[in-house]
Amino acid sequence: MDTNYLRRNIYVIFLKICVIIGHIHFGTAINAPEKVYEACYGVLSVNFLKPSCNHSEVMYVRDVYTYSKPASDGCPQESSFTNQPNASCCRYNNDTTDCGWRYYGDTFKGNHYTQCVGMQQCGVPVAWNRTEQDCDPAVFMSKTNYMRQFYYCIETNFISQICIPSTKTGNELYIWNDGYPNNSSDCATSSGCACSISASKSSTIEIELLDLRLSQSGGTCNQRLVISEGGTETSIDCGQQNDFSLTSVYSSQSDSLTVRFDNTVSGQYGHFWILLRASDSTAILTMTCGNASAVYSCGETLPTTTSTTTTTMSSPSNSSGASTTGSVTSFPGSAGSTTGTVSSSDTQYSKTTAGSVSTLDPQSTGTTASSSNTSTSDSQASNAEASKSTSDEDDSSDKTSLIAGLSVGALGLAGLAVLASALRHRFRKNKVNVDDEYSEHFGTLSDANNVAPIGYRQLS
């Protein structure tokens, strides 16, 4: 058989297998790639951001940006019936020809997020920012002329309302308040609702916030999420509201946990939408949600600090009673295996055993004094040599560790220097991409349209 022919066929089969694997769906609910909707500023019906998802999906808005085209492009700052732009005026090119940054206008404060999250489609007017502070006035228009909205489409099959009985499975699952994107229901019907989550393959679980807007009054938080894992409870409360930024808030130590909603306010208030992801990308989460007895009822006061109950573990080999906090870590499926440092008493015992030389029995010293003295002398010499050898080895080990540490540190500093240089080169023209931060400009512009909206924040 022709070897080249065989190789070609094997290569083709391999490519087909890769394509098939690439289409296998493991239950990941955020569809890639991220979607973007663009539109120009103006008074026409087309001058709206109108993102949409399939009928079985809802939106999560990640960010909103305003951009300006160069004045030489001839694009109108405001589109109208008599001055309509070319399609290219409303489309992003790159961060050299287009100057832009996150929208921080006050006119539609937060609407580009609140009007769209959890919806299958929405429509919000395009807004603008002034450009003199961030763009070259000799090149760009004085105001931005178009806007970009970044969003994900999330399958509703992976989302559970916390108070509605349901069971879901997938690598990524979501929980939101009953009625989302509307406010949560009254405390009498929603407080105590919970979801129990477990992961296959002993995977740990990550929790991230998509939207957390909890009710508070007079500085008192009336709602919270409580994550329970083993003997620990962790509160997610009003102090962690995220302004729609995808924010990591919890990493489990085991393969199971519970999320509970505590609500003490009467009426319909508050929103939350969270993501739960298996750390092992091949693992599957199973989530069961539903109503339960309230831990905190209407009108009660929630704890003002994070409620944490910690179960401590001690090393079974620590017979001296010395503290071994942090020396033992248990994981699912580890069958009691331990990781980390050994207790001080165990370490000392190990060193004493390894470095000691057995001495003569005192009862036998009278029968062979000469032999005893010789043996003792040899033993002492042996001990001295062993001690010297150990000391030399320790010194050598310390020197090696020091040299290795200095080398790693030098490489790290060199890497940081290269990164800093690259960043300075990247942004020397005061341009922006989706990873930049312009909060230092808030309140410095003369225009009234310069207040950071609810949805403004740094990207992770």
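For all residues, glycine too, the Cβ spot is worked out from N, Cα and C.
For reference, TrEMBL has these:
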{"type": "COMPBIAS", "residues": "305-345", "note": "compositional bias 'Low complexity'"}
{"type": "COMPBIAS", "residues": "346-362", "note": "compositional bias 'Polar residues'"}
{"type": "COMPBIAS", "residues": "363-389", "note": "compositional bias 'Low complexity'"}
{"type": "DISULFID", "residues": "CYS221-CYS238", "note": "disulfide bond"}
{"type": "DOMAIN", "residues": "163-279", "note": "domain 'CUB'"}
{"type": "REGION", "residues": "305-399", "note": "region 'Disordered'"}
{"type": "TRANSMEM", "residues": "402-423", "note": "transmembrane segment"}
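For CYS221 (disulfide bond), the Cβ neighbour count at a 10 Å cut-off comes to 23, with all displayed protein chains included.
The Cβ of CYS238 (disulfide bond) has 18 other Cβ atoms within 10 Å, all protein chains considered. DSSP assigns CYS221 (disulfide bond) to a strand segment in the three-state reduction. Restricting the average to the domain 'CUB' (163-279) gives a pLDDT of 96.
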